[in-house]
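K.L.:
This is the structure I want to talk about, given as structure tokens.
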Amino acid sequence: MAVRVAITGFGGRMGRALAEALLLSDEAELSAAVVRPGSSLVGADAGEVAGLGRNGIAIVDSLDKADFDVLIDFTAPQATVDNSAYCAAHGHPIVIGTTGFDSEQKNQVLTNAGKVALCLASNFSTGVNLCFKLLEIAARVMGEDADIEIVEAHHRHKVDAPSGTALSMGEVVAETLGRDLEKVAIYGREGQTGARERDTIGFATVRGGDVVGEHSVMFLAEGERVEISHRASSRLSFARGAVRAAIWLMGNKQSVRAPGHYDMRDVLGLN
Ligand code: NAD
């Protein structure tokens, strides 16, 4: 029997991409589509709203009205705090793609990992998670001798910066080099900045148009430079990864994954 998945934030860009990824999956299916209370989409057919043809699933405005095994949540930080608490209280594993948490919100979300299996990733694409692994190698080999800069670009509607993925890339590099990202990160430069300090990790952000997501980490040494780059051309790359994580969390259905905090590298066996 297919894993039954609920999607919160169904009316959003990722909500629709997730619906498409579930339609393409043999192992998971959409069982509930949830939008914020007061949305004009409540009661509409989820398949039609996602542009995939009628599927007979009426959109609801609360998880209490949804029937599902596992939740996939790509919404906004406070909504995810509430939705993860709901899942913990009701024993549903949860896949979280939302970015832009402050540290208190992130702690609140992670508290729920004591009660259910929770897979949190700033980026669910397979390629980006491979890049995380490549970054560890690059940082080990070149990190001490190179200036490290991270550049990311996203569409004009993105509300947080730098992207969660760029921050995760910075964390991988900083951790590998034994640095504390909070102390060494430089978010943009302007005016008389002085010369660059070797241990810093710089971030630059581009916003505009319909860019799905681009990240490049540069290791700039004397006489050579290595760049590890990823370009997403479709939201389906994130959505398919999130569906894969949902299936992974459900195990073989006889044994749902134990409560805990997992990420996409666990799902892909890269940790
Ligand atoms: P979006 O604005 O198109 O959609 C967000 C949806 O969440 C909307 O439908 C909105 O109504 C709903 N929502 C927001 N606050 C809510 C609340 N309080 N209660 C109920 N519903 C609420 O955004 P998007 O492009 O779909 O992205 C959603 C999130 O996923 C963002 O944080 C984004 O950065 C993140 N994202 C993560 C990945 C990844 O791989 N981890 C990939 C893409 C986007």
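Backbone N, Cα and C atoms are what each Cβ position is placed from, and that goes for glycine too.
For His154, the entry in TrEMBL reads active site, proton donor/acceptor. Sequence annotations record features per position, and here TrEMBL assigns active site, proton donor to Lys158. Taken from TrEMBL, the feature NAD(+) binding site covers Gly9, Phe10, Gly11, Gly12, Arg13, Met14, Gly97, Thr98, Thr99, Ala121, Ser122, Asn123, Phe124. The NADP(+) binding site annotation in TrEMBL covers Arg36. Positions annotated as (S)-2,3,4,5-tetrahydrodipicolinate binding site by TrEMBL: His155, Gly164, Thr165. Among the features that TrEMBL reports, domain 'Dihydrodipicolinate reductase N-terminal' is placed at 3-124. Annotation comment: TrEMBL describes 127-268 as domain 'Dihydrodipicolinate reductase C-terminal'.
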K.L.:
Can you tell me which of Thr99, His154, Thr165, our recorded positions, come within under 6 Å of ligand 1 at the Cβ?
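P.N.:
Near ligand 1, sequence order: Thr99.
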K.L.:
Between the Cα atoms of Gly9 (NAD(+) binding site) and Arg36 (NADP(+) binding site), find the distance and write it as a whole number of Å.
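P.N.:
Rounded to the nearest whole number, the Cα-Cα distance is 7 Å.
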K.L.:
Taking the recorded (S)-2,3,4,5-tetrahydrodipicolinate site as His155, Gly164, Thr165, identify the other residues of that chain whose CB atom sits within 8 Å of the mean position of the site's CB atoms, giving them in sequence order.
P.N.:
Thr99, Ser122, Asn123, Glu152, His154, Lys158, Asp160, Ser163, Ala166, Gly213
K.L.:
Taking the Cβ of Gly11 (NAD(+) binding site) as centre, how many other Cβ atoms lie within 10 Å?
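P.N.:
Step by step: centre on the Cβ of Gly11 (NAD(+) binding site), count other Cβ atoms within 10 Å, giving 19.
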K.L.:
Say you check the Cα of Phe124 (NAD(+) binding site) against those of the recorded positions His154, His155, Lys158, Thr165; which is nearest?
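P.N.:
Nearest by Cα distance to Phe124 (NAD(+) binding site): Thr165.
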K.L.:
On a simple 10 Å Cβ count over all chains shown, which one of the recorded positions Arg13, Arg36, His154 is most densely packed?
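P.N.:
Ranked by Cβ atoms within 10 Å, first place goes to His154.
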